[in-house]
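Contents: one structure, followed by commentary.
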Amino acid sequence: MEIKQAEFIISAVHPSQYPKDKRIEIAFVGRSNVGKSSLINALTNRKKLVKVSGTPGKTRLINFFLINNEFYFVDLPGYGYAKISKTEKKSWGKVVEDYLRGREELKRVILLLDCRHKPTNDDITMYKWLKYYNYNTIIVATKVDKVSKSQLFKNLKIIKDTLKPETGDEILTFSSLNKQGKEEFLKVLESVIDFYS
C-alpha cells in the first residue's frame, strides 16, 4: 500500500466530534515520547502532518487523519507521563475510554512500545484494556535504530514474555529515522483495510 494522501480532519475530546462517515479507523496508542507522531509522519511521508510535541503528556486530544480518502489514522493521547496531575490522568482516561468503548469503525489498534525498554505497567494495562474491548492489536516496537540486532532480538522476547500477545496479535518493528519496517507495516495495514472494505 502506498499512502498518497493524508489530511488532518479534526481534534476531538467528545464522541459527538468524531467523524460520522463510517470509514475504517486504525488507532495509534502508546506512552508519551514513544515516537507515535514520528511514526505516523514516516508512514504518510509527511514531516509535519502530526506535530511532534517536545512536552511529553501534552496532547489531550484524539486526532483524526484521513488517509488516501479511504480510511482514518487516529492518534490517541500518549499515556504514562509522571508529571501530570491525577485530574489530568483521569481526563485522559475518559477521553480514550470514550473512544475505545464500542467504536464500530475502529478495526485495529497499534500499540507502540519503545524497543529499548521493558513494557511498563501502563503498557501492560493498555494491552489488557484493548483485549477487554476485543480489539485486534498490532504491537509495534519503535526506535529500533537505537539498538543492535542482538539486543533487539532479546528485547522483543522480553516484550512477548511480558505482554503475552494473544493469537493473531502481531509484533512488528519500526524506525521512523531510517524507515526500517515501514514496508512490512504498510502491508499489514493494507490487509486490514482490504479485509474490512
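Using N, Cα and C of the backbone, Cβ positions are placed for all residues, glycine too.
For 22-195, the entry in Swiss-Prot reads domain 'EngB-type G'. For 30-37, 57-61, 75-78, 142-145, 174-176, the entry in Swiss-Prot reads GTP binding site. Taken from Swiss-Prot, the feature Mg(2+) binding site applies to SER37, THR59.
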Response to the item:
Neighbour count check, CB within 10 A, over binding-site residues LYS36, LYS143; minimum at LYS143
Fill in: Between PRO77 (GTP binding site) and SER37 (Mg(2+) binding site), the C-alpha gap once rounded to whole angstrom
10
Response to the item:
Here the Cα-Cα span from LYS143 (GTP binding site) to SER37 (Mg(2+) binding site), rounded to a whole number of angstrom, reaches 12
Worksheet entry | For SER37 (Mg(2+) binding site), the one of GLY30, LEU61, PHE174 that lies nearest, given that the binding-site residues are compared by Cα | GLY30
Worksheet item: Including all protein chains displayed, how many Cβ atoms other than that of SER37 (Mg(2+) binding site) lie within 10 Å of its Cβ?
Response: 21
Discussion item. Around the C-beta of PHE174 (GTP binding site), how many further C-beta atoms are within 10 angstroms, looking at every protein chain?
Written reply: 25
